[in-house]
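What Swiss-Prot annotates here:
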type	residues	note
BINDING	H677, H681, C779, H783	Zn(2+) binding site
Amino acid sequence: MEAAALLSPTATSRSPLPLLSTAPAAHRLHVLLPLSGRRRRLCLRSSPRPRGSLGCAGDCVVRSMGSSRERGVLVKTSSSSASVESATQEVGAASSGEWSGDAIRRRFLDFYAARGHKILPSSSLVPDDPTVFLTIAGMLQFKPIFLGKEPRRVPCATTSQKCIRTNDIENVGRTSRHQTFFEMLGNFSFGDYFKKEAITWAWELTTKEFGLPPERLWISVFQDDDEAFSIWHNEVGVPKERIKRLGEDDNFWTSGATGPCGPCSEIYYDFYPERGSSDADLGDDSRFIEFYNLVFMQYNKKDDGSLEPLKQKNIDTGMGLERMARILQKVPNNYETDLIFPIIEKAASMALVSYTTADDAMKTNLKIIGDHMRAVVYLISDGVIPSNIGRGYVVRRLIRRVVRTGRLIGIRGDGHGNSEGAFLPSLAEVAISLSTEIDPDVESRRKSILGELQREELRFVQTLERGEKLLDELLDEALSSAGNNGGKPCLSGKDVFLLYDTYGFPVEITAEIAGERGVIVDMKGFDMEMENQRKQSQAAHNVVKLSVGNETEIVKSIPDTEFLGYDSLSATAVVKGLLVNGNSVNVVSEGSDVEIFLDRTPFYAESGGQVGDNGFLYVYGEEDAKQKAVIEINDVQKSLGNIFVHKGTIKQGSVEVGKEIDAAVDAKLRQGAKAHHTATHLLQSALKSIIGSETSQAGSLVAFDRLRFDFNFHRPLSEEELMKIESLVNQWVSSATHLETKVMDLQDAKNAGAIAMFGEKYGEQVRVVEVPGVSMELCGGTHVSNTAEIRGFKIISEQGIASGVRRIEAVAGDAFVEYVCARDNYMRCLCSSLKVKAEDVNGRVETILEELRTTRNEVSSLRSKIAVLKAASLANKATTIDNTRVVVENMGDVDADGLKSAAEYLVDTLEDPAAVILGSSPGDGKVSLVAAFSPGVVKMGIQAGKFVGGIAKLCGGGGGGKPNFAQAGGRKPENLPGALEKARDEIVAAISSKSS
């Protein structure tokens, strides 16, 4: 049930889709049923799944996949194929060709629109909620309404929501229904209708609109929900034997220890009605599929566990689009619906295989590719760029799984003969072509999506190649370690996981290569590492919980704050509440930090990247008009939607609830924020003009003295591009253009070309800020009235902050003037020091740098010569160990280059075999180490790279290199003498063991 998946702290991993995982043992399935509190695990034993089951693999169902029309054809393959035909051909009066995924989605939305529901667009996969990692349920965008934190905008709504879940990623492709990306169709009521309408409409939709045979539908209800049972049986007409009463774990949804809760009811489709009711416990995953979920929010759970009826009863439902498509299109799994299968077909053609004749392993890999490509396309479209942290890592991991899976099944290069190309863009093209109904914006971001996928794939292919090199080194170490201790060579589970997770090496390939070299693989250790990662991934999803009880009662009772700051910087207001250390008080005295709630305010509360205003609140005497209290406000935040929280310190007197105060915003700081906010809009327009319209905002900060703008782009900007961007912004500033602001319908604003921030939450009415002919954005921030007020714009820095994300920092307004004046002062000082004019500074600096480079080269050359002279004397001190000449010495303050020259000289001078290990501490708190081994020593199996790396650890560092030559460093020069002594002992022992 999706509400439970989103809200229950004990069941946040619960999926609205029954989860199937297969155990290693044959003929044994563990079915995880969707639960509200915890998972119920059933063990289905005995015989294998019957041939002909829609959920089976292999040769159970033989189908022609030549076209979408043919994909519904079933061919008898066993005695039970009559059941297969019964389970598929009886679905509805319409042919499978009528029920495309788009048609199902449209029918669902239109059905509820005809019943008074407002069709709302899918929200972003990046939720407007810091407690939620990714959008995992359709009700997420309505969460504040369900919790009473925001007023309802419409009485009831219907959506098709994009969702991402990766906590069971290893099951994708291996079961019939696990997916990372899916669509959740839903209808929602915010106190408008309740149980009877939800149930009867759900039945009408499934049986009349979609034409599902009523005799194939089973119902689950909460064991104590007699009302729902009665509606299903007495009003809808479902026989009692097909209505199952289940317990609290299965059919009762809670939002946490306290808060909104209620029973739920689920509709299941029966693939094998001829089996009767003997085993019909709805837990048979091969027989039943749950596809529609109705949650009845009717109670409030109190601290003592008791339930009280809610004043406003709500409805939250979810229907898995892919599941309904599977039923109506008569295919054996979600992947073979028209929502995913075109991507699979494309991947199969690139791998030069036929899905129809492919074995189970090949089909599994193709399903993984089909599923993951949908996920990455929608995530990147919603502004999630591949990186090593947070949501970016989810995208990167999915992309890498597709790349390594594609390579595993034989896709090379671009899949069309170009070995240097990338194949993900071709697959993404198919996914994008399927996106127009659910998210039309994906098509407009095609260029950006394809470019990001190509760059990420080519980078990862290089990583894979490095992984091959690492695997060779790890196998060498395993063989060497086994040789030293007499054990059997083994590749540790941690190393296998490193190759799998970081370098994308499939475990089976690692095991195969290791086996060829006689090395076993620690699969138990690998499984433990995988389980640890799974738990971490699960934890990321389990942060989805409500803040019910975290807000004090005073905040909940305060009405929204009226914002006056667009038109005025001062106002008279009434104190509606006071908080000190989170506790509600009536009076606060001098010296206390306080949070103040007003009925109205000119102070801007932090949002949209713009910081909250600073200023003062004043309390005056009623008779003498003298100041009785002064409160300095240093921050303003929003709480529970649109309640402004003024945070500050009582500088004088006291403030009391119910009293009138005068509020005054710091005008100079507000002007700085206005200049930087408008400059941010101009900067975004300039970026789109100079480097391409596909770039998009990834974040921003609008402060009083600076701005920071993060944007999605794959490379650093050149100096020329930065100059053009800066020049264009200043051109717009000097044009003295008047800004226009207006409030309009969201869709009208988008149609007019207004830019919306990815993932930002907007109401039906939005504020649009326009610089005519330059910029139009949805924005609730404060802005200058004319671009001339910005005064000037200067880019301070441009840098990368994550893979595919760049950041520009800049100044405008008074901060721009201060910055330019400071830079001018720096230039004056520089000219004075160099004794040149400003225009000659660059040339003079280049001359000085060239002279410095020449001097450094000369010094380095002299140091190397001195080091070689020292080395010449060391050659005479070499010891002989079993015919091998050995030199281990501390060369004092010789630098790394000199140390290298000395080692090369010694190993060339001494007769082969020879081993030279030198160390030095140049006096800068660092240690340099070098090892040079002649061919004779290398043939003994003694490698310089591994040897010097181990010694360097004693000096607080590390390093490595080739078998014959390696360098290392450290930061503990005091440990150098001891490290060299250990090096001497180990090289002597190694040579002696090889010679004996």
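Cβ coordinates come from backbone N, Cα and C, glycine included.
In the three-state DSSP scheme, H677 (Zn(2+) binding site) falls into the helix class. When Cβ atoms from all protein chains are considered, those within 10 Å of C779 (Zn(2+) binding site) total 26, not counting its own. According to DSSP, H783 (Zn(2+) binding site) sits in a coil region rather than a helix or strand. Neighbouring residues of the recorded Zn(2+) site, listed in sequence order and excluding H677, H681, C779, H783, comprise K674, T678, T680, V702, V769, E777, G781, T782 (Cβ within 8 Å of the Cβ centroid). The Cβ neighbour count for H783 (Zn(2+) binding site), using a 10 Å radius over every protein chain in view, is 27.
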